[in-house]
Amino acid sequence: MLYNKTIAFLGAGSMAEAMISGLVKSGEIPAEQIIATNRSNQERLTALESNYGIKGVKRENLQFDQIDIFILAMKPKDVDNALNDIKSHIKPNQLILSVLAGITTSYLEQNLHKGQQVVRVMPNTSSTIGESATAISPGHETADENVKLTKILLECIGEVYKIEEKDMDIFTGLAGSGPAYFYYLMEHMEQQGVLAGLNIETTRQIIAQTIVGAAKMIQKQDKTPTVLRENVTSPNGTTAAGLDALDENGGGIAISKAVEHAAKRSKEISEQIQESLLVGSLK
Ligand SMILES: NC(=O)C1=CN([C@@H]2O[C@H](COP(=O)(O)OP(=O)(O)OC[C@H]3O[C@@H](n4cnc5c(N)ncnc54)[C@H](OP(=O)(O)O)[C@@H]3O)[C@@H](O)[C@H]2O)C=CC1
Ligand SMILES: O=C(O)[C@@H]1CCC=N1
């Protein structure tokens, strides 16, 4: 289904690169059928070409009629310019995927053609190695075969969850932004390892393996995080001391707030774009 498709990323930043890397590594789609374009950064396109074997194409040289799937991958504040730019070149039956946080399918539909095939997508940067947790929510007019095609494409970069669009904000707070919380946690754990005299590279690998192990326990065993946490925690032992410190310092609340605020920001972006306030708020 993917082999003869041509895919163009409009936006060639971090998220586009993560997806390109995962797609190329999957081997499910030939690299030369993946195109990336941006506003002006030619050096960036050249780097993507040489690193992944894809085609970096200047916007003015993009042949819209030869592209099956467009992936919008610019910042939300740039979406209006991008939609204005592409509208006159695309047809309603061309599939538009958008990875933009907070930009709704209704907004995309209002600003493209009647009947435009759109799917809102929320991947994360673990797409790079085929380990994303990606959500999809199709637009109101999107044909089932295009939803299926989207799912097949995104399964090349990890697990795919079809969700209702009202749940996209919380999904973004959990999984789109989620890797950053774990990196933040790792940064702080790493500092302590180094402070205690461990080598930084060794510390990093120890922490990474600890996180991988904990995540795989959830995936492979039918046990809740609460039960697994209790299994680690001996009465009056080391873990109890660590967890007490987390509680005393608001660790649990901080994690809840991180997810809540990220989801809230996603919702806020949706509201601001409708009121045309986004460009000012996200310079
Ligand atoms: N980073 C992440 O972890 C995730 C990001 N997202 C979403 O992905 C999107 C991109 O984020 P990210 O990659 O971090 O951003 P970056 O700033 O790294 O990249 C943005 C890219 O968009 C390009 N661009 C801007 N305007 C246009 C346009 N009109 N046409 C074509 N290209 C354009 C820029 O080109 P130039 O350099 O030439 O200006 C640049 O290549 C955001 O909407 C974000 O919400 C979603 C999930 C996770
Ligand atoms: O920070 C952001 O807005 C984007 C969306 C999800 C992850 N990064």
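Glycine residues also receive a Cβ, built from the backbone N, Cα and C atoms like all the rest.
In TrEMBL, annotation is done automatically, which means it is predicted and not curated.
Over in TrEMBL, the protein carries these features:
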BINDING   Leu10, Gly11, Ala12, Gly13, Ser14, Met15, Ala73, Met74, Lys75, Pro76  NADP(+) binding site
DOMAIN    6-102  domain 'Pyrroline-5-carboxylate reductase catalytic N-terminal'
DOMAIN    165-268  domain 'Pyrroline-5-carboxylate reductase dimerisation'
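Sequence features annotated in TrEMBL and their locations in the structure.
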{"residue": "Leu10", "record": "NADP(+) binding site", "Cβ within 10 Å": "25"}
{"residue": "Ala12", "record": "NADP(+) binding site", "Cβ within 10 Å": "23"}
{"residue": "Ser14", "record": "NADP(+) binding site", "Cβ within 10 Å": "11"}
{"residue": "Ala73", "record": "NADP(+) binding site", "Cβ within 10 Å": "28"}
{"residue": "Lys75", "record": "NADP(+) binding site", "Cβ within 10 Å": "14"}
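DSSP assigns Leu10 (NADP(+) binding site) to a strand segment in the three-state reduction. Across the domain 'Pyrroline-5-carboxylate reductase dimerisation' (165-268), DSSP classifies residues as 88 helix, 0 strand, 16 coil.
Comment: NADP(+) site residues Leu10, Gly11, Ala12, Gly13, Ser14, Met15, Ala73, Met74, Lys75, Pro76; largest CA to CA distance 14 Å, whole number.
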